[in-house]
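The following features are taken from TrEMBL:
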- Lys105: active site, proton donor (ACT_SITE)
- Lys69, Lys93, Ser354: substrate binding site (BINDING)
- Thr189, Gln216, Asn220, Val221, Asp241, Ile242, Asn322: NAD(+) binding site (BINDING)
- Asp145: site 'Important for catalysis' (SITE)
Amino acid sequence: MERTGFLEYVLNYVKKGVELGGFPEDFYKILSRPRRVLIVNIPVRLDGGGFEVFEGYRVQHCDVLGPYKGGVRFHPEVTLADDVALAILMTLKNSLAGLPYGGAKGAVRVDPKKLSQRELEELSRGYARAIAPLIGDVVDIPAPDVGTNAQIMAWMVDEYSKIKGYNVPGVFTSKPPELWGNPVREYATGFGVAVATREMAKKLWGGIEGKTVAIQGMGNVGRWTAYWLEKMGAKVIAVSDINGVAYRKEGLNVELIQKNKGLTGPALVELFTTKDNAEFVKNPDAIFKLDVDIFVPAAIENVIRGDNAGLVKARLVVEGANGPTTPEAERILYERGVVVVPDILANAGGVIMSYLEWVENLQWYIWDEEETRKRLENIMVNNVERVYKRWQREKGWTMRDAAIVTALERIYNAMKIRGWI
């Protein structure tokens, strides 16, 4: 399997964590390779006639702590190596959050925006059928990721239940509230990022009130991060998408997000410029140069690199996306005194909520929205506190170092007890 830059970055982070934590080299050998990789090909009948065959993957990395858990992304440029990297990150993220899960990830190489609703449903059901032999509510539990959503999870759980001959609500998470889901899941990742940001702002400045924020990416994570940060007292002054940046020094009217729930990405950024008198800057990289207290990359991986890390003026970077900061960029930021809250800590709200939904499904039980959100918030607060204290103890470490070593300790201890190592 070709090792792309992203996979190399992830493996380097893991190797560094193994060395810092004083773990044996054999531990890295186990973690550097997934337990199982499934490659599938899914034929879809096109509305215009003929078929298209889409390649997909399901990577199961490590299950020492429990069932495999990780999302499914639909993206035209995803590779198997990317999927492996993301599965490794899920193993670390689930361990760090204290969840009884291992790590997995799935993907299909497709641009979902180019499919009709019927074609998208056929692809979603086809993927569920293709991976059905390897998943189950106590085996491997997929969820949404980039390019997928609650509706796609509904099609997949329905298809899997048809295969089994009975309802299996816990085999997929992040389903619609009308179908064994929980309303918190829609905003769980963004809410978790906001909580992590608030807790770190308390450590650095004594609170988040009035702190200025710029957010890269207005997908599900970015839009809800903006919404909840504003609720917590921060001032969101800029948001961006692939086309450019909407900027308003006095602060954006984040309530527009709540009033326009169906909008994401370019449409949402455009809304701020037309309805909120925000300035629009055509260059999307302008988001890095803004003089703000907090920067949240909430788009895709590898966006903060060696060539632009020096432009970041924020003192606090909170990774809403998976792998947005390269190792070279993190070194530059660290040397400049910029604190980076790593992805496996900052954006764990989604998988924590998936865990809560899964527990509900296994028991056929329902928590209300407020109780669910409070449970999620408590877990996020405790995780940030744990990693922060470890980071403060270990001089010369980054927060990512502290998070990865903390996650690795739980995995290593489980492997030792089970006799795997």
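Even glycines carry a Cβ here, placed using N, Cα and C.
Here the features listed in TrEMBL are placed on the structure.
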{"residue": "Lys69", "record": "substrate binding site", "Cβ within 10 Å": "29"}
{"residue": "Lys93", "record": "substrate binding site", "Cβ within 10 Å": "28"}
{"residue": "Lys105", "record": "active site, proton donor", "Cβ within 10 Å": "30"}
{"residue": "Asp145", "record": "site 'Important for catalysis'", "Cβ within 10 Å": "21"}
{"residue": "Thr189", "record": "NAD(+) binding site", "Cβ within 10 Å": "28"}
{"residue": "Asn220", "record": "NAD(+) binding site", "Cβ within 10 Å": "20"}
{"residue": "Val221", "record": "NAD(+) binding site", "Cβ within 10 Å": "29"}
{"residue": "Asp241", "record": "NAD(+) binding site", "Cβ within 10 Å": "22"}
{"residue": "Ile242", "record": "NAD(+) binding site", "Cβ within 10 Å": "12"}
{"residue": "Ser354", "record": "substrate binding site", "Cβ within 10 Å": "28"}
**Complete:** Same-chain, non-site residues whose Cβ lies within 8 A of the Lys69, Lys93, Ser354 Cβ center for substrate are Gly70, Gly71, Met90, Asn94, Ala97, Leu99, Tyr101, Gly103, Ala143, Ala348, Gly350, Val351, Ile352, Tyr355
**Prompt:** In angstrom units, rounded to an integer, how far apart are the Cα atoms of Ser354 (substrate binding site) and Asp241 (NAD(+) binding site)?
**Reply:** 27
**Request:** For Lys69 (substrate binding site) and Gln216 (NAD(+) binding site), determine the Cα separation and express it in whole Å.
**Result:** 26
**Fill in**
Cβ density check for Asn322 (NAD(+) binding site), other Cβ within 10 Å (all protein chains) comes to 24
**Item:** Cα separation, Asp145 (site 'Important for catalysis') to Thr189 (NAD(+) binding site) (Å, whole number)
**Value:** 11
**Item:** Gln216 (NAD(+) binding site) CB neighbourhood, other CB atoms within 10 A
**Value:** 25
**Fill in**
Of the binding-site residues Lys93, Asn220, Val221, Ile242, the one whose Cα sits nearest to the Cα of Lys105 (active site, proton donor) is Lys93
**Asked** How big is the Cα-to-Cα gap, in Å, between Val221 (NAD(+) binding site) and Asp145 (site 'Important for catalysis')?
**Response** 10
**Request:** To the nearest whole angstrom, state the Cα distance for the pair Ile242 (NAD(+) binding site) and Asp145 (site 'Important for catalysis').
**Result:** 18
**Complete:** Expressed in angstrom and rounded to a whole number, the substrate site built from Lys69, Lys93, Ser354 spans a maximum Cα-Cα distance of 13
**Prompt:** Out of Lys93, Gln216, Asp241, which of these binding-site residues is nearest Asp145 (site 'Important for catalysis') by C-alpha distance?
**Reply:** Lys93
